[in-house]
Amino acid sequence: MTRKKPISDRVADWLPRLVMAPSLLVILVGVYLFIAWTGWISVSSSRMVPSYDFVGLEQYYRLWATPRWHIAVVNLFIFSSLFLLVTMGVGLVMAILLDQNIRAEGALRAVYLYPMALSFIVTGTAWKWILNPDLGVQKVVNSLGWEGFVFNWITQPTFAIYTIVIAAVWQSSGFAMAIFLAGLRGIDNSVIKAAQIEGATLPRIYASIIVPMLRPAFLSVIVLLSYIAIKNFDLVLAMTNGGPGNATEVPSTFMFQATFRRNQMGVGAASAMMMLMTVAAIIIPYLYSELKESRNGH
Amino acid sequence: MVTEHGSAARARRIGRLVIYGSLIALAAFYLMPLWVMITTSLKSLDEIYGGSFIGLPRSVTFEAWSKAWSQACIGTSCTGLKPYFVNSLMMVIPAVLLSTGIGALNGYVLTKWRFKGSNLVFGLILFGCFLPFQAVLLPMAQVLGKLRLSGTIPGLVLVHTVYGICFTTLFFRNYFVTIPDELTRAAQIDGAGFFRIFFSIMVPAALPIMVVSCIWQFTQIWNDFLFGVSFTAGDSSPITVALNNIVNVTMGRKQYNVDMAAAMIAALPTLVVYVVAGRYFVRGLTAGAVKG
């Protein structure tokens, strides 16, 4: 028993770890080291090229003193709250409607979900065209006889951000629907039957029994949609390119512009760190609770 | 009694009507942008400026499609989308295969060969699924420059493989957890080694999740814009970047039909995959919401 294991056995013992090692290394570098690196740039005086001196939180002060960044943060707030609310509402309604023994449910589900398979650049291009006041929806309604109808939000600084909400809701509500529908299918039918025997109407049953039972689905949808909202970049770029003026600037477009177009690498890195912290504050507790639950479940 | 029964049935029928009506109205709203894209791409420019937006084209012409494919100008070179479509293919195929293969191995180790700290490793990888890429753009640009890969397709393959591993590992890990350990343990007792078990037990069992992983990765990488626009310029851009350039040309009379045809060309590969294998795509989509 004291004899050492033959070398081939010891290699075999380590094999799983050896197979895992390259991936782990790549993730440690590509995710964690790179985050630290960005953090480092954010406390340096980098402008056009990275320089690795230390200037404390100067770039963060500069960032928060930039009016453009304030617009970006306010826009993100408006965009994400509306986007989350409407997407969840529409997704929930679609899921409930689809859960009523619908014929051709599969086909309808496919129609509601196909936008998720498309690039935001593609859908942004389409929506930009639809919302174009000279040729799109406004013109159609005008030519139908309602001459005074105006729908030119995409060209109005105060309203342009709402057009991005419309496109984003259209693209993502099928996704919310899919998660809610999976949640609904997991609910025992006997609950509904029992409530019906007690004399409750269907809308009541949904409002006071079924929707509260969807809490885990709500949590997932909120977290995943927040993540989509924060990293939203392509859609803004394709629809308004941050304009008119910088009315639809969001943190992701701000970061890109500062870093790659305006030679403010330090400020860009600081804005990236702000975005990362926001995402981390939402995602880490979520992942933690999901992992803990599944471990208790086993 | 009879009338009460009748009115209840009528209420039920009206309810069904409302439900179907709403579902169909929603479907129309979802299909509208696609409809507008397709019809616009088949119209002539005169017809578009003449005021036809939502209707069918009076005369169908594929001129805009051929222009978008082989003549439209991206920056100063008027090559159409063709070379960029090829770029995207050259980027997406190796990146999908690499990330799926590596993810399969990772999922296998993390479920059947757990070691001390393997849960931590999984947690570290999992957070990568939700990384806002803005936080790694700058260092990645530096490293790609050092590796002499900036502005190249292999550079993009590398980037997409690295960040793709997170999702593929999640897919395979969650799938392999459901395969009973007894199966692999029995094989081990029979003398099968690490790779033997992987190739003769796990891989055959993992075909559905492989499809999910490939489709998910294909869609994500094909549709990527941020990495493409940050790390490439000119000839080596993927199709999403080229499309954005075509659409944002400001010179002359705007060719909306060409824009829409270009958007359709960029959308077709993922759209076809969705139509053919939508079921698997939805599974990938909801994987982030399924317990780890």
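The backbone N, Cα and C atoms fix where each Cβ goes, and this holds for glycine too.
Source: prediction; values computed, not measured.
Taken from TrEMBL, the feature domain 'ABC transmembrane type-1' applies to A:73-288.
Among the features that TrEMBL reports, transmembrane segment is placed at A:21-43 (among others). Using a Cβ-Cβ cut-off under 8 Å and counting only residues 6 or more beyond its ends in the same chain, the transmembrane segment (A:21-43) has close neighbours at 50, 52, 54-60, 265-266, 269-270, 272-273, 276.
The transmembrane segment feature in TrEMBL is assigned to A:69-98 (among others).
The annotation transmembrane segment is assigned in TrEMBL to A:110-130 (among others).
Taken from TrEMBL, the feature transmembrane segment applies to A:159-184 (among others).
Within the chain, the transmembrane segment (A:205-230) has long-range Cβ neighbours (under 8 A, six or more residues past its boundaries) at 76, 79-80, 83-84, 87-88, 91-92, 96, 168, 172, 175-176, 179-180, 182-184, 187, 191-192, 195-196, 251-252, 275, 278-279, 282-283, 286. Taken from TrEMBL, the feature transmembrane segment applies to A:205-230 (among others).
Sequence-distant neighbours of the transmembrane segment (A:265-288) (same chain, 6+ residues past either end, Cβ-Cβ under 8 Å): 35, 38-39, 41-42, 44-50, 55, 58-60, 62-63, 66, 69, 72, 219, 223, 226-227, 230-231, 251-252, 254-256, 258-259. Annotated transmembrane segment per TrEMBL: A:265-288 (among others), in sequence order.
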